[in-house]
Amino acid sequence: MIPSVLPTYARAPLHFVKGEGSWLIDENGRRFLDLGAGIAVNALGHAHPDLVKALTDQAQNLWHVSNLYEIPQQQALADALVDNSFADTVFFTNSGTESCELAVKMARKYWHDKGHPEKIEILTFDGCFHGRSSAAIAAAGTPKMIGGFGPVLPGFVHLPWGDHDALNAAINDTTCAILIEPVQGEGGIRPLPDQCLQGLRKLCDDKGILLILDEVQCGVGRTGKLFAHEWAGVSPDIMMVAKGIGGGFPLGAVLATEEAASGMVAGTHGSTYGGNPLGCAVGKAVLDHVADPAFLEGVRARAGLLRQRLEGLVAAHPDVFESVRGTGLMLGLRCKIAPGDVVKAGYDKGVITVPAADNIVRLLPPLNITEDDIAEAINRLDQAASALEA
Ligand SMILES: Cc1ncc(COP(=O)(O)O)c(C=O)c1O
């Protein structure tokens, strides 16, 4: 008999009932160090007092009104995002997938309105993940993502990662945009080198193509800058955001330049819940922390510490781990054994990590994880690796 919850996830038998900072507590009172943060969502950890206050204060006043009316909380968060990024304008969504939908629509509409309706093709790269809607799975294009869900939305061209010749050869008069994650998450914590992102920006400018960055997983402070592309000193035309921006409340956004957004006039897009007062009140409280330069400096310091400790862990367990990769607090342990086994051994020792493609175990802790919690996390991962060796 089919379970009452549609069985699209292979769930671990863990049942958490409470979260405190970087810790999760299960129904038996067992404490787990959470290095997954709900897959890069709980940017400020669990139950951060400022987020609880923002949510409950808003909840006592007004939950929802509809985008038919002005929403001051939405305006405040949009203003703050515009002030802190390349963007001139923001549309709020409820998830990364919805941000992908709008990014694709916005890019195609841009060229349509410029008199180039033939420019519809969006170039994507091996290992990418942009969500689970029809457009997002077409963007990934792998059999695992699209199998059985045809007809696949046309207009996506899939390219090998890092193959400049293939990229140049793929560009023609129908090319609309390049869509890429500055750091691939699901694909296995693969950072795009700064010079490659700079090269993509130049290519887009030279050829008249829009650059869409998917910062759903790597954005909102995760790499130690507010947005990952800032490291390369270039900016996109359109950017997808979600996950960390809501700190655990379902919230996403598409940020864009005025030019790239020029086709999105009244009536071209909408969302019942996107930008709702509750989500935006929480999002503003998240951004008040994460956009603070001192906070970001702290993320970089904690990231340096975690990375150093992980290098030590890899050296201590050469049969389990091969290397550390990634950037900021978006790190991956490349494993010599099945990453799922490492994740499971972590559960036994009370530490949560997340598997990804390419034999990677992901570490995406809350951005404000303490040094003591980093030390304890390494201790528990060390115990997990020792158990696997035994
Ligand atoms: C880079 C990236 N884009 C898009 C998505 C889809 O986001 P959501 O699951 O919120 O729809 C994800 C989710 O993991 C992601 O990592």
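Each Cβ is built from the backbone N, Cα and C atoms, and glycine gets one as well.
Within PHE129, PHE249, PHE295, PHE321, the residue that TrEMBL lists together with GLY96, THR97, ASP214, GLU215, VAL216, GLN217, THR272 for binding pyridoxal 5'-phosphate is PHE129.
By a simple count of nearby Cβ atoms, those within 10 Å, the most crowded of the recorded positions ARG132, LYS243 is LYS243. Distance noted between the C-alpha atoms of ASP214 (pyridoxal 5'-phosphate binding site) and SER271 (N(2)-acetyl-L-ornithine binding site) is 20 Å.
Each of the binding-site residues THR97, SER271, THR272 was scored by the number of other CB atoms within 10 Å of its CB, and the largest score is that of THR97.
Measuring Cα to Cα from GLY96 (pyridoxal 5'-phosphate binding site), the recorded positions that fall within 10 Å are ARG132, LYS243, out of ARG132, LYS243, SER271. A distance of 22 Å separates the Cα atom of SER271 (N(2)-acetyl-L-ornithine binding site) from that of PHE129 (pyridoxal 5'-phosphate binding site).
ARG132 (N(2)-acetyl-L-ornithine binding site) sits 16 Å from GLU215 (pyridoxal 5'-phosphate binding site), taking the Cα positions as reference. Long-range Cβ neighbours of VAL216 (pyridoxal 5'-phosphate binding site) (same chain, at least 6 residues apart, Cβ-Cβ under 8 Å): GLY96, SER99, CYS100, HIS130, GLY131, GLU181, GLY185, MET240, VAL241, ALA242, LYS243, GLY252.
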